[in-house]
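First comes the structure, then the notes that go with it.
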């Protein structure tokens, strides 16, 4: 029979995965900034430190919450045992009526209620946090355009999935794999436009031909996160301008030479614990409903 992981083991496993994911994310961020670009390198160092601090704080809070829950669980269990023993001593007939299974169910229900209360409290505290404030600013910008955020899953493919969603809305059938393949192929065939922006994280030197090929292979065949370099390639492949809306910075447009309707993406720095994420946009629901009516 398989051993069931304890809550502590599950949390430790989750934390290890999140740390590993963060390191992969940081590596991707470093690769996208040239070594000789001191201004962007300085900003990158600050961004990485912030991401690491946020993840560390998140893990610390989760450990505190788990430890608190564990203490309360033991306390509740002892209280329940004390009450049960007293009742059983005063009325032995209750021993048969109150089963151990029922006690476990009651204890679990009480613990779950406590957990839900803590989550609710955390949500209230988060209203003043970076993620919430970023969301408010983006919504304000989008409402002016009669748009709203279209959530895209955070799986490493978010940028490509957001572009895929935009293309689908235009009746263009280009899937995730095809977008990745075409992006990688364009970068391979225009290596001089991309290699100066990619450096080996260990040496700081510009990528060799072999390292660049590995990078392109990852673009095509893995869930490697896509950034501005990949957006540049996608804009050229699709021959469409790509606009990126951000909360605290002006919008940027890649591929302005193409006089066609823009693909619009949302760039979010605080959407998830691991940092950057891309979402798509869709018509504002209330406006869409009015037009349909």
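Cβ atoms here come from the backbone N, Cα and C positions, even for glycine.
Database features, via Swiss-Prot:
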- 1-43: region 'Disordered' (REGION)
- 57-114: region 'Disordered' (REGION)
- 147-284: domain 'OTU' (DOMAIN)
- 152-158: region 'Cys-loop' (REGION)
- 155: active site (ACT_SITE)
- 219-229: region 'Variable-loop' (REGION)
- 267-277: region 'His-loop' (REGION)
- 277: active site (ACT_SITE)
Position of peak Cβ density within 10 Å, selected from the active-site residues 155, 277: 277
Inter-residue C-alpha distance, residue 155 (active site) and residue 277 (active site) (nearest angstrom): 10
For the region 'Cys-loop' (152-158), residues assigned helix / strand / coil by DSSP: 1 helix, 0 strand, 6 coil
Per-state residue totals over the region 'Disordered' (1-43) - DSSP helix, strand, coil: 31 helix, 0 strand, 12 coil
